[in-house]
């Protein structure tokens with residue numbers, strides 16, 4: 001028996017994301033005074049009292065007939081259809097607005113169990129009987145920010161969705177356990193959301209020609225070739241110097257934080273926008289965090305056939321020149337909107353993930369080390385003594401990290417370390433991931 005689904009619905013800035021965070025067991029939504037922050041359906045495991053459920057945060061609904069408004073309405077409508085219970089939220093400070101009446105009627109026409117949640121009621125006298133005119137048979141007053149009124153909300157929820165029918169205590173949580181966490185990152189308007197929608201074959205994420213549509217990191221559970229995958233769409237990352245709005249700073253921070261906890265990062269690049277320093281900055285950040293990386297050039301269908309060969313030649317040159325620390329990184333050319341080569345991206349992610357987790361036997365490591373250092377020894381130091389790397393062992397995976405023992409580690413140059421790392425990539429088939437070396441001084445300096 002699966003968990004019941006509760007959707008939070010209402011006009012912008014009534015506190016849906018604040019309540020989402022209050023009820024969420026794990027992932028948090030961005031909260032800001034600016035209305036309309038949420039633009040995609042956002043899911044989390046929720047809990048109130050002993051009652052556990054799947055919670056959906058939705059875009060704020062407005063009477064808006066432009067293209068963006070229609071796409072936001074589509075996202076919310078899908079959440080309503082998916083939900084077992086609707087929490088229709090209004091603002092207790094501003095009172096009932098015309099949009100509340102219109103949207104209340106819109107929600108009620110689906111004949112789903114619903115609760116009118118009057119938020120921002122920090123004081124008892126905030127309650128207004130006018131709210132009954134919205135036509136909902138159940139109503140509670142709460143303050144999502146301060147956590148008041150949640151007991152009343154709990155009582156109404158279990159009345160609408162009896163607890164014994166909603167929870168299976170022995171059921172495995174699909175979020176927990178072994179899964180591959182893939183973050184899709186890149187500059188604005190590279191096609192990140194379109195790519196994920198194409199993969200899962202669902203208009204799950206809001207897309208459009210406007211740059212910067214995605215404002216929060218959105219997690220989507222998915223399965224591919226018997227692998228449990230969590231896809232994470234992130235806000236587009238611009239240069240720090242161009243970010244002035246506080247909301248964009250929050251979105252950028254959310255995206256950067258997602259990279260920190262990723263297993264593999266897909267760096268999405270727009271084929272119509274030449275490779276920029278910001279793309280390389282994002283890639284370097286991924287590598288510095290020790291994550292696996294797959295570089296994807298999107299909108300390949302829009303590049304003229306006569307220019308593709310020269311484009312690829314220059315692109316590979318730039319990547320190899322500026323990202324030598326992940327030599328051999330997979331580069332794929334796709335069209336997300338046409339679903340061209342998109343499965344190859346996932347196959348590359350699975351391969352990179354396997355390499356990222358690679359464990360090499362100590363005996364094989366030292367056999368390789370002896371051969372490699374003898375083939376290209378470090379130069380003699382003053383007094384005729386040679387710096388030697390005598391022994392190594394792997395200390396961790398994710399990414400592969402190695403400890404090397406030397407009689408004089410401070411004399412080992414960066415260029416020699418690059419030589420060892422690149423040789424190791426070839427010897428053990430480890431392209432496209434960061435490899436980390438740390439040096440330790442042996443107790444006997446003459447060894």
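Backbone N, Cα and C define each Cβ position, glycine as well.
Following the DSSP three-state reduction, the secondary structure of residue 13 (GTP 1 binding site) is coil. Under the heading GTP 1 binding site, Swiss-Prot lists 10-17, 57-61, 119-122.
In the three-state DSSP assignment, the secondary structure recorded for residue 192 (GTP 2 binding site) is helix. Note on residue 192 (GTP 2 binding site): other Cβ atoms within 10 Å of its Cβ, all shown chains, come to 30. Feature annotation from Swiss-Prot assigns GTP 2 binding site to 186-193, 233-237, 298-301.
Taken from Swiss-Prot, the feature domain 'EngA-type G 1' applies to 4-165.
The domain 'EngA-type G 2' annotation in Swiss-Prot covers 180-357.
Per Swiss-Prot, the feature domain 'KH-like' maps to 358-443; the stated evidence is sequence analysis. The average pLDDT for the domain 'KH-like' (358-443) in the predicted structure is 91.
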* Asked: How many Å lie between the Cα of residue 300 (GTP 2 binding site) and the Cα of residue 58 (GTP 1 binding site)?
  -> 32
* Asked: What's the CA to CA span in angstrom from residue 121 (GTP 1 binding site) over to residue 234 (GTP 2 binding site)?
  -> 33
* By CA-CA distance, flag whichever of 186, 189, 192, 234 among the binding-site residues is nearest to residue 13 (GTP 1 binding site). => 234
* Sort the binding-site residues 186, 189, 192, 234 by C-alpha distance from residue 16 (GTP 1 binding site) and give me just the closest. => 234
* Asked: Where does residue 58 (GTP 1 binding site) sit in DSSP terms: helix, strand, or coil?
  -> coil
* Looking at the binding-site residues 186, 189, 192, which has the shortest Cα distance to residue 58 (GTP 1 binding site)? -> 192
